[in-house]
Amino acid sequence: MDATDRLMPGPEGKTPRFYEVDRGNKTESYISAVSGNPVVPEHIMRKEKRQEQEEAPPQKSWERPPAPTNPKNTDQIGLSEQELEQFRNDPCWKFIRTVLFVLFWLIWLALFAVAILLVCFSPTCVLRAKPNWWQTAVAYHVWVPSFQDSDGDGVGDVDGLINRLDQLRKSGVQTVWPSPFLISDDEKTAVRSFSQMDPKIGVNQKADELINKIHEKEMNIVISFPIATTSLEHEWFLNSATASKTPNANYSQFYTWVSKAADSNFFTEHKNLFYLHEKGNPKSAVLNWQNSNLREHMFNALSNWIDRGVDGFELQGIEYLARTPNGTEPDWNSIYDVIRDIRFHVDSYSNESTIADGKKIALFSTREEAKEKDKKRMAKSGMDTVINYELGEVEKDTKICHKNEGSVATCVHEILSDVLLFHSLNEQVWPHWRFGSPDLARIASRVGSRPHAQLLMVLQMILPGTNNIYYGEEIGMRNLANDSRVPPQKGAMQWDDSLNGGFTSAISPPVPSNIDVANINWKRQYAEPQSTLKIFAKLAKLRQREDALMTGTTLIGRLVDGAFTITRFNNFENRTTGNIYVAALNFAEHPVKLPLTDLPSNSKLHKSTIVTATSNCVAYYARQTVDFGLKEIELEPNEGVVFRYSA
Amino acid sequence: MTAEKEPLKSREGDEAPQNETEGKGKGLEKSLTLFNGVSMIVGCIIGSGIFVSPTGVQEQAGSVGLSLIVWLISGIFTAIGAYCYAELGTLIKKSGGDYAYIMEAFGPFVAFIRLWIEAIVVRPCTVTIVALTFAIYGLRPFFPDCAPPDVVAELLAILLIVLMTAINCISVRLATIVQDWFTIAKVVALCLIILTGLGLLFFGESQYKDSFENIFENTSQDFTKVSLAFYSGLFAYSGWNFLNFIVEELQNPKRNLPLAIAISITSCTVIYVLTNVALYTAISPDEMLESPAVAVLFANKLYGKFAFIMPLCVACSTIGSANGVIFTSARLFYSGAREGQMPAVLTMINKKTKTPIPAVILTGALSIAYLLASKDVYQLINYIQISYWLAIGTAIAALFWLRRTMPDASRPIKVPLIWPAIFLAGCIALVLIPMVAAPRDTGIGLLIMLSAVPVYGIFIGWKNKPKWFNEFIDSSTVFIQKLFMVVDEDKED
């Protein structure tokens with residue numbers, strides 16, 4: 001029974017061949033040879049052999065007939081070996097084979113050459129220069145006394161900052177900017193020494209440890225450097241004031257001394273003579289950069305920090321590098337010359353120094369009230385960036401952001417449109433953005449809305465150029481209550497939900513924490529996928545990887561009912577390449593449909609990917625694939641989305 | 001006396017055709033040890049998939065934790081499948097793998113669909129994917145910061161396919177030399193990744209642990225997406241079912257085959273999971289999603305000026321993989337032609353070079369066609385995986401069927417039915433879920449598979465073909481024979 005069943009498929013499988021033979025009208029002998037002796041599949045053959053062992057005599061008789069006829073079966077398909085052999089050397093076929101063989105390799109080599117040429121001459125990567133490290137950096141402005149305490153005295157210190165560096169790295173920060181830094185009377189421009197760190201935040205050797213640790217984390221450090229002023233307690237000022245004595249004669253020209261005060265706002269008496277100082281600040285004496293001896297000392301001070309590993313300097317007080325004779329106005333033409341000299345010294349020293357080894361040292365500055373032409377002159381003189389201060393003025397219900405506008409969207413959009421237009425027309429001025437600083441109220445408090453603060457942070461992270469983030473803004477910290485012992489924007493950093501937010505173990509520290517520390521803290525947000533911190537970290541790291549965000553063009557969409565878009569893309573030789581990034585932000589209290597018709601390569605919008613979305617966003621989430629083929633996006637109130645698509 | 005002599009003759013008779021059909025001249029090595037079996041299977045499994053699939057798995061799984069789980073489960077699933085195939089392989093010893101099993105259980109039509117999928121879709125698509133991987137990795141050193149021009153990657157992939165096709169046409173010895181040397185390359189690449197990554201994880205700075213904090217963050221909530229992740233993972237494990245080609249040559253198969261399966265697939269699973277752990281030490285999930293060439297990104301980050309080693313190793317590995325698939329395709333056509341379901345010319349070999357030139361050229365041409373049709377590597381994986389798993393599922397169904405129709409047949413390896421049941425359920429899931437998650441891709445895959453039906457009807461099912469049709473077939477066969485100097489292998493018998 002089994003044997004019969006197994007035998008059945010075989011013949012059926014071969015039936016077509018019978019018909020083929022019959023239909024083929026082969027010779028009679030061929031047909032009889034094939035028809036009479038079907039080839040049995042190996043499978044069946046093997047089984048039959050086994051049966052043969054069981055019933056030897058009958059199977060043997062079955063097995064014998066196929067063997068003798070095998071040679072004849074070879075004619076069934078195509079040519080036999082003997083028949084084919086004569087074509088091996090046939091001139092015609094040999095020629096065809098040779099030609100095809102040669103042609104094949106020629107074509108292959110030609111295509112290979114084409115591939116090589118395409119790789120060599122492709123413009124995309126070869127021609128693009130890498131930006132300097134500071135141009136794409138997210139600089140984190142730390143107020144050290146409020147950041148992390150390590151010795152339990154209730155005030156932050158450098159050791160505390162060192163202990164938190166890893167968390168800054170995880171947050172996506174690339175540059176650390178500690179303030180205050182140099183020893184001073186006022187934590188600002190009245191420095192007592194250009195080579196000493198303030199002992200209130202740690203002994204001077206801690207500065208070297210901090211610098212080394214920052215570099216180990218593959219981050220950079222910049223410090224504030226009051227370039228034009230010192231404290232009255234500075235050794236130079238003390239020597240200068242007693243220049244009448246022989247040993248200190250060289251210091252007499254380090255400061256500007258006059259016998260008669262021209263303006264009491266700028267001159268104060270000291271030992272029968274008057275010295276030039278900051279406006280209304282007698283504690284901060286102005287250096288005389290026209291004196292070559294002073295210049296040498298200041299250059300040495302900068303070189304000292306370069307050797308210690310500092311990567312850049314914020315030059316503070318540049319408006320005092322040169323003044324009009326009565327001291328009341330800056331002499332900008334002379335200031336530009338001084339900056340140029342500083343630039344030259346920093347560059348040449350960095351190249352010669354065996355420690356710095358040619359590292360690019362960044363120089364940047366803040367200049368309030370700077371006009372466009374002023375920024376251009378600054379950049380031309382050698383300043384790497386000039387901080388755009390305008391966004392620091394964004395505050396709800398003020399003269400800049402009027403109450404009638406309802407939200408800060410209108411004023412932000414206006415400011416950005418102006419500043420971005422300026423930078424697109426003046427590419428030599430590298431943008432540098434700042435929303436918050438030690439001297440400004442926190443964003444969340446200024447705009448009166450944490451969701452709006454988050455939108456502004458997303459906006460900032462999409463803008464071109466260098467970014468300054470004031471500590472705590474990455475988790476959305478608010479101002480302290482106004483009756484605090486420290487300025488409201490200098491509350492303790494909120495690390496976790498433990499005592500004092502993890503800032504210090506002291507009871508009732510001088511630097512208090514905000515009352516919302518249990519909910520708003522770094523540790524909690526690090527574990528939430530769509531928290532402010534995670535949005536910040538994702539965008540900060542993305543800025544290090546994506547050409548469009550590093551050096552791409554910026555396009556700001558028009559304001560639509562309190563919402564607008566910011567687009568970044570690579571425009572190379574009038575061709576858009578790579579990824580296009582779009583931030584869509586809605587500051588309104590109602591849903592808005594934003595048109596995407598003005599975006600570059602908008603025919604590709606149907607295949608978009610969400611990069612990140614604000615915490616209150618429900619419809620969109622990171623890595624989601626979305627079809628914006630209709631060329632519009634609808635945003636709920638106070639929602640923001642960053643998405644990308646390929647050109 | 002007579003009875004003792006007959007079994008010996010029977011074995012010799014069995015082995016001789018195998019040697020010739022394999023065309024590998026294994027006269028000196030008549031049987032494989034356990035170690036040989038393990039190394040052969042591991043060599044088949046580890047290939048270009050591990051250099052491409054991590055991105056695909058991460059994309060669908062969403063989180064590091066779930067990605068690693070997907071890799072682990074894929075390995076377990078593969079082991080179950082290989083175990084089930086072991087029974088089929090020892091039950092039905094005809095060459096041709098699951099094509100033979102389906103033929104035995106369900107008849108020629110269903111078997112032909114399986115053959116068609118494997119020969120016309122799976123093998124060429126695999127070559128295409130491997131060639132694209134070669135191109136992606138090969139171009140990486142030249143385009144470190146941006147995507148290369150589209151046409152260059154395709155051009156390089158075509159060049160590789162054509163070159164491998166040419167090598168396999170010219171010389172079996174050359175093809176095997178390519179295979180041996182490039183197998184070393186992929187081992188080197190993976191060892192570099194694993195050792196470097198694990199070293200940094202245990203002894204490096206904390207930045208190398210970032211990917212493993214909040215390890216399940218961004219886990220995909222979409223069940224269908226997680227299922228799609230298994231396609232990428234299982235693709236990396238593909239090649240597990242090649243083991244049945246060696247079953248007849250293995251010493252003591254009842255003991256060694258299960259052991260070979262257990263050892264080799266466990267090894268592959270461990271290697272793959274460790275590779276992914278190592279990759280995540282240096283690459284964050286977001287970075288992985290942006291870079292198809294993860295190993296190169298890994299090397300760029302950690303090896304500095306020696307980073308070129310990685311793309312070199314990976315490119316060599318992909319060359320070996322492409323070569324291996326093309327090299328073994330001839331066997332597939334041979335088994336089909338023997339059943340009258342493939343043109344006989346595809347089984348013919350050149351006497352001088354001992355290479356199956358027509359079969360090799362056909363595979364190469366199909367690979368290039370797929371490359372031109374769709375340049376998205378992952379789309380190709382989606383297309384072929386649906387047909388592939390449908391075929392695998394059918395083969396497992398054949399196991400159940402044969403248990404019923406041939407209950408008393410000799411089964412050196414008999415697996416408890418729970419395992420094929422689990423595996424069959426998995427195969428069904430792998431076929432049905434994409435129909436929901438990616439209906440367009442599924443539709444394309446099924447259409448490709450169903451292209452087998454008219455082909456079967458015209459060339460095999462059609463009993464009364466007109467005279468001109470047969471003459472056309474015959475003259476084509478003769479023409480190809482003259483052009484490539486190939487003859488039917490059967491004539492040697």
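Backbone N, Cα and C define each Cβ position, glycine as well.
So that you can see what the record holds, here are the features copied from TrEMBL:
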| type | residues | note |
| --- | --- | --- |
| REGION | B:1-25 | region 'Disordered' |
| COMPBIAS | B:1-14 | compositional bias 'Basic and acidic residues' |
| TRANSMEM | B:32-52 | transmembrane segment |
| TRANSMEM | B:64-86 | transmembrane segment |
| TRANSMEM | B:120-139 | transmembrane segment |
| TRANSMEM | B:151-175 | transmembrane segment |
| TRANSMEM | B:187-208 | transmembrane segment |
| TRANSMEM | B:228-247 | transmembrane segment |
| TRANSMEM | B:259-283 | transmembrane segment |
| TRANSMEM | B:303-334 | transmembrane segment |
| TRANSMEM | B:355-374 | transmembrane segment |
| TRANSMEM | B:386-403 | transmembrane segment |
| TRANSMEM | B:415-437 | transmembrane segment |
| TRANSMEM | B:443-462 | transmembrane segment |
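A contact links the transmembrane segment (B:355-374) to the transmembrane segment (B:303-334), because at least 3 Cβ pairs that are 6 or more residues apart lie under 8 A. Remote same-chain residues near the transmembrane segment (B:64-86) are listed as 41, 45, 54, 57-58, 98, 211-212, 215-216, 219-220, 226, 229-230, 233-234, 236-237, 240-241, 243-244, 247, 257-258, 261-262, 265-266, 268-269, 272-273, 276-277, 280, 285, 392, 395-396, 399, 413, 415, 419-420, 422-423, 426 (criterion: CB distance under 8 Å, separation of at least six residues from the stretch ends). Counting Cβ pairs closer than 8 Å and at least 6 residues apart in sequence, the transmembrane segment (B:415-437) and the transmembrane segment (B:443-462) reach fewer than three and form no contact.
Between the transmembrane segment (B:32-52) and the stretches B:151-175, B:187-208, B:259-283, B:386-403, it is B:259-283 that has the most C-beta pairs under 8 angstroms. Residues 46, 50-51, 271, 274-275, 277-282, 295, 298-299, 302-303, 309-310, 313-314, 317 of the same chain lie 6+ residues outside the transmembrane segment (B:187-208) yet bring a C-beta within less than 8 angstroms of a C-beta in it.
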